[in-house]
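Chemist: Encoded as structure tokens, here's the structure I'll be asking about.
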Amino acid sequence: MLVKEGKSVFNGVAIGKIFVYRKADKAVSQNQVEDTTAEMARFEAAKEKAMSQLKGLYEKALKDVGEEEAMIFDVHQMLLDDLDYNESIQNIIENDKMNAEYAVFMTCEQFAAMFLSMDDDYMRGRAADVKDISERVISILNGSQVSPEAMPEPVIILAEDLAPSETVQFEKDKLLALVTQKGSANSHTAILARTMNIPSLVSTDVEVDPDYDGKMAVVDGFAGLLYIDPDEETLTKMYEKKGRADQQRALLQEMKGKETVTKSGKHIHLYSNIGGIQDVDAVLENDAEGIGLFRSEFLYLECDDYPSEEVQFEAYKTVLSRMGGKKVIIRTLDIGADKQIGYFDLPKEENPALGYRAIRICLTREEVFRTQLRALYRASAYGTLSIMFPMIISVKEILRIKEIVEEVKLELAREDKPVGNVELGIMIETPAAAVISDLLAPYVDFFSIGTNDLSQYTLAIDRQNQSLDNFFDPHHEAILRLIQVTIENAHKYGAWCGICGELGADMELTQRFIQMGIDELSVSPGYTLALRKRIREC
Ligand code: PEP
Ligand code: MG
């Protein structure tokens, strides 16, 4: 038995097999082969697996976003089955005696170049599709692909590190726990783990050794420990611990349906943070009063290209309709820094956290922003929508946002598209915004304090950098004072103020936040009932 220490980002006990996650290997090997029949068989097997994945993706997209958007996976299947494409691969393997990866790669290059040289825009667009299917086949061939199909049963993922774009690919019901060698407690992967309600460790002192694949393991999120090949005694103890944790969770069920109110009668709005439609079930199961932060960028991270107005409209509408009139606060696109999306083609930066991100991208690439705002306002007719804007530092930004919002609303009115009454708010997640919150408050309906970024910028501690953890103090007086001043200034101008950063779930601070006058707390769905209990004790 091996025992490894990590930093827990979500409590709980998970028991199951390890799946060692390897990053997709983009390098393509180039080798001569003797046995071309065996090589052709390798290609055929990989192709068959890719086909079945594409079928699965078609079904999933059909269910989640509709037929029009699902069609792309149909097109991918047709391209993968194309006679010329397959003949080219066969020729390179059989005549040139090259390995299958190289044959697929060369064929892809030829076909992509051919599509790109065409006059028709639609045909030129197919170059990206050929690349996509070829990369899929190559990553299956070289064994670097993780897909839900590769995980026959729920597993504990062991990885060096996980980018948000990788974490979102995992099927939630195939995950027991996440364990990463790198990563910090405030990283987006940690936040996703909390949203998914699974015990997880970051910054773990463990090698990402392929030999661990398939080994039995236990993640103890209470103690921050990973046991690999646990002995009988440990396993028995861990099953007992898991049982107690399940029991405690069951006890919290009595909080369902109860009001979130302090002993002195102050009601606190208790909302949930989500990353996508798939998290709405957890919000409803945990009886949250609404959604306080929908990180809309995850919708963009899950797509291979800019999600259209229609795709976004359907997603927002689904969330609003499922919440049945309860408040839903959707944050506009917040990418950049650790949330990189290939098709945005963002420039490489020396200091990405201090760089081109969030509202800065939206205000300079207005077409992207306007598409999202149109989708949001159209969806607003189906529930109670609030929109909030990330990374604000000035009044000037709010004024420009409001101009664009008015133009979008006018456009929709001209098209006779109904819209609802939408509250507008901003995230307070830069020290600048907190300090001038008195100047910002008159222009908005609400503030939502993003303590994850507010902490990193106030303390000058990169939230991604695990080696600074010893210097990081989430209860630092500077952060608490900025929260206090933000709440006071919001109230002075008739705006309400909440917290949607991870600190909102820190129950050592609940009493203090209430004394400061906080109106709302938005936390991962799994924390909702425990926090309700804590608030009722205050
Ligand atoms: C925050 O910064 O606290 C926040 C809620 O936004 P994100 O974690 O997505 O940056
Ligand atoms: Mg933030």
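Note that Cβ sites are derived from N, Cα and C of the backbone, with glycine treated the same way.
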Chemist: Arg295, Arg331, Asn452, Asp453 bind phosphoenolpyruvate in TrEMBL, but which of Arg322, Arg463 does that record place at the same site?
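Modeler: Between Arg322, Arg463, TrEMBL records just one in the phosphoenolpyruvate site with Arg295, Arg331, Asn452, Asp453, namely Arg463.
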Chemist: Looking at the candidate ranges 33-60, 145-172, 173-200, 509-536, report the one that TrEMBL labels coiled coil.
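Modeler: Residues 33-60 are the ones TrEMBL records as coiled coil.
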Chemist: I'd like to confirm something. Which of the recorded positions, His188, Glu429, Cys500, has a Cα closest to the Cα of Arg463 (phosphoenolpyruvate binding site)?
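Modeler: Result: the closest of the recorded positions to Arg463 (phosphoenolpyruvate binding site) is His188.
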Chemist: Restricting to the same chain and to residues at least six past its boundaries, which positions have a Cβ under 8 Å from a Cβ of the coiled coil (33-60)?
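Modeler: For the coiled coil (33-60), the sequence-distant neighbours (Cβ-Cβ under 8 Å, at least 6 residues beyond its ends) are 70, 73-74, 76-77, 80-81, 86, 89-90, 93-94, 97-100, 103-104, 133, 136-137, 140-141, 147-149.
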Chemist: Around the Cβ of Asp453 (phosphoenolpyruvate binding site), how many other Cβ atoms lie within 10 Å? Please give the count over every shown protein chain.
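Modeler: Around the Cβ of Asp453 (phosphoenolpyruvate binding site), 24 other Cβ atoms lie within 10 Å.
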Chemist: Among Arg331, Asp453, Arg463, which binding-site residues lie by ligand 1, judged by Cβ under 6 Å to any atom?
Modeler: Asp453
Chemist: For a quick check of understanding: given the listed phosphoenolpyruvate-binding residues Arg295, Arg331, Asn452, Asp453, Arg463, what is the maximum Cα-Cα distance in angstrom, as an integer?
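Modeler: This binding site's residues have a maximal Cα-Cα distance of 20 Å.
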Chemist: Give the subset of the recorded positions His188, Arg295, Glu429, Asp453, Arg463 lying near ligand 2, defined as CB under 6 A from any of its atoms.
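Modeler: Checking each Cβ against ligand 2, the ones under 6 Å are Glu429, Asp453.
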Chemist: Would you please pick out, from the binding-site residues Arg331, Glu429, the one with the fewest other Cβ atoms within 10 Å of its Cβ?
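Modeler: Comparing Cβ neighbours within 10 Å for the binding-site residues Arg331, Glu429, Arg331 has the fewest.
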Chemist: Among Arg331, Glu429, Asp453, these being the binding-site residues, pick the one whose CA is nearest to that of His188 (active site, tele-phosphohistidine intermediate).
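Modeler: If we rank Arg331, Glu429, Asp453 by Cα distance to His188 (active site, tele-phosphohistidine intermediate), first place goes to Asp453.
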